[in-house]
Each structure stands twice: as C-alpha cells, then as structure tokens.
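Undergrad: What follows is a structure written as structure tokens; I'll ask about it next.
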Amino acid sequence: VSTMNAKTSSGGEEEASGMRNETLGESGHLGEAKRGQVIRVAYVIAALDLTFLFMQMGVMPYLAKSLGLDSVGFGYLQTIFGVLQLMGGYIFGRFADQFGARAALMLSCASGSIFFLLMSLSTSVPFLFLSRLPAVFMHGIPGAQKVITDMTTPSQRAGALGKLGLCFGVGIIAGSAMGGVLSSKFGVYVPTYVGLAGSLINTLIAMVWIPSQTKPKSDHHMTEHSDLFSIREILRLMKFPGVMEVFIVKVFAGLPIGLFMIMFSIISMDFFGLEAVESGYLMSYFGVLQMVVQGLVVGKLSSHCTEMTLLRLSVFVFAGVGLGMALMRTVWHYCIIAVPLVFAFSMLATITDSILTKAVPSSDTGAMLGICASVQPLTRTVGPTIGGVLYKQFGVSSFGYLQLMVNLGLFVYLLKSEIPLGEMKSQ
C-alpha cells in the first residue's frame, strides 16, 4: 500500500484529472486487478455488516420484551435508531471525503462493535436505549459504496453498485436465520456476542485489505479544511446540474412503499394472517429476489440502456406496483407483486446513486452518498406515524393508490423535464 501511495504522490498528481476520471475512474493509481480485489473486499464487508444488522433486528423485539419494554416503547427505540442514522449519514459521508474510504469503513465497523457490546450489556431499558447511540456512525453500505465509487469508471459504476444488492440479500437471509437459531438455542444475548466479534473482524478486514487512499491524493485538497457538517455544503451539492431533480425523484418514488414496509409486520399479521415463521419465509423470499435482481438484472440493463431510460423505467414500474398493491387481497398476490417491486426498488436505488455521484466533483462523492443514505432513515423516522394513520384510516389499499399517484406524477415529470445527465465529474 505504501508503495502504491508513493507512486500516486510522485506521478499521479501531474496527470490531467479529467482524463484520468474518464479512463480509469478515481482510482487510476491502482492496477485493474488490485482495484477488482478491493471492490470484492468491500462486498464482503458490506455482506457481513448487513448480516449482523439483520441478526440484531430479528432478536431486538424479544430482547426489548424481556426487559419489559412495551410496543409503544419499542416504537420509540426504532425511531431513535432512525433519527441517529439520519443525523449521521451526511457527517459520515463528509468524513469519508476528508479521511478516505478505509477510515470511514473502519469507523462504521468499530461503531458496530460498540453497538453490539452495549446491546450485550443491556440489562435495563435505559441501557438498551443507550446502545442505539453508536448507530450514528454505522453506515457500512455507504462506506462500501464510497470504495466502489472511487474504484470504478463512470460507465462501470451502476453495475458495480448494483451488485451490492447481492450483499443485501445475503444479509437478510443469513442474518434473519442466524438471529433466530442463535437466540432460540443459546439465548437472546448470543447474537449480540456474534455481532460484536464479527464487527471487530470487519474492522480488521477494512484495515488490512482496503488501501489508505482509494483515489488520487490530489482529489483530497478541496475538502481538507471544510467542516464535517455544513448546511451550506449540502445546498452547494444540490445546485449541481440535475442533482436536485434526481434526488427529489429518489425520495418520493420510494416513499409510499417505504411506508408500507415499515407497517409490514402489522400488515402481515392483520391483513395476510401470517404467523411469525411465515413472515420469516416471506422475508427470505425478498432476500432471494433482491440477490437475483441486483446480481443478474441491474448490471446487464445498465450496460445496455441509458441511466435516464432506466430511471424512467423504475418509476413507471413503481406506478404499476402501486396499482397491484391497491388491488391485492392475499399474500400470494403480494408474492407476485414483489417481483416488479424489488426490480423497481433496486433499479431506482442503484441508478440514482450512480447519477448523483457522477454529477458532483469526486471530492464530494462521500457527502453525496451520505445524503442518499439518509433517505431510508428519514422514511423510518416519519414512517411509523404516517404509515399508521394511512393503515388505520384507509386500509392497505391506500399505500397502493398513493404509490400509483406519486409515481405517475414523477413519470410525467421525467418525460417532460430536461434533466442534464452524463456530465463527467468536474475538478
């Protein structure tokens, strides 16, 4: 690593940065084989991180109940987790820009270790709430996205980011299964011990296998002395051509289905009449779909179609999913709808992340990914309230009609608007 960094500082800074971005991405100082190896390591870190996260999500309701926390208190616990992630997303991205992707990944994994350590020591409700605090820096996926963004050319980015969906599928399936087995056979605290050990191992993997700099050193000068959190910086990023328009589509296209998924545990019991085991099978089904779609479909389509075409396609499919959700009556209907749902969700997330990181300077890609990563925590924060009102007042079909109307409006907007895409990163 030190040899590669020396080469970067001696020769890489003299190259024209624009030409380097067009040909070799932000990691032109590393060989093709080395860059591929680093990207694979980022996938491994992301898969392990998601596995531990879903493992704790599965046991958290039982741990909270064993400590005497009721459903309302558990809702507060989840909301706090969402708020902390929302607050930390942008700060984490700025940290990645200033100190590098390796330092950011190590921060995320180390925060995960503290998170699981505090969970394992939680013998009271206040301590359980305290264990949520490290979540502010737990952003394994944005950290892996930062590595991939630095290591790929703009033309390769959508496909490489799309493969992170495989990690998500692995995390859902392995994490849910491990959490259930470990907690039922060995006790509710055992998954937290596994998560603690695994997060420490992830920290070491990032330290050893991710280079200290995943992009040329010359790209760091723009953010060396800027603050980690600045509203002015967020507004500056939003002023780049096409950024605000695409970000609005990213937020609102997936918002109705996000509200539905937040309420899904209740809907699966009340509307579909599923038992806990059957709900687990349904989540595993989603995980498999996610792996297939992002591993096999997104990358292929991104190499054959323009990003604007794929963005319009994902929004149009989302509208169709909304109509299907409005008409569905059984869990089997939902299993059919899940196929286009996962496709649209995966395509929207991958394409918008790719577009937005290419629309800003390379020194700001971490901040942009941090802003993108804040979308889901924002939904988790406001979702329980809005989703609860929709479900109680209008029923399950209201989520579908909302999805249909919002995405039809966005589709018309995308057809009529001239969003400037395809610009290379400016330096």
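Numbers run from 1 along the shown chain.
Backbone N, Cα and C define each Cβ position, glycine as well.
Predicted automatically and left uncurated, TrEMBL annotations should be read as such.
Taken from TrEMBL, the feature compositional bias 'Polar residues' covers 1-11. The domain 'Major facilitator superfamily (MFS) profile' feature in TrEMBL is assigned to 35-420. The region 'Disordered' annotation in TrEMBL covers 1-27. Under the heading transmembrane segment, TrEMBL lists 41-64, 76-96, 103-121, 160-182, 188-210, 246-267, 279-298, 310-328, 334-356, 396-415.
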Undergrad: Which listed range (246-267, 334-356, 396-415) shows the maximal number of Cβ pairs under 8 Å with respect to the transmembrane segment (160-182)?
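TA: Looking only at 246-267, 334-356, 396-415, the most contacts with the transmembrane segment (160-182) come from 334-356.
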Undergrad: Taking contact to mean 3 or more CB pairs closer than 8 A (sequence separation of 6 or more), are the transmembrane segment (310-328) and the transmembrane segment (246-267) in contact?
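TA: Yes, the transmembrane segment (310-328) contacts the transmembrane segment (246-267).
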Undergrad: Does the transmembrane segment (41-64) come near the transmembrane segment (246-267), with 3+ Cβ pairs under 8 Å (pairs 6 or more apart)?
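TA: Counting Cβ pairs under 8 Å (6 or more apart in sequence), the transmembrane segment (41-64) does not reach the transmembrane segment (246-267), since there are fewer than 3.
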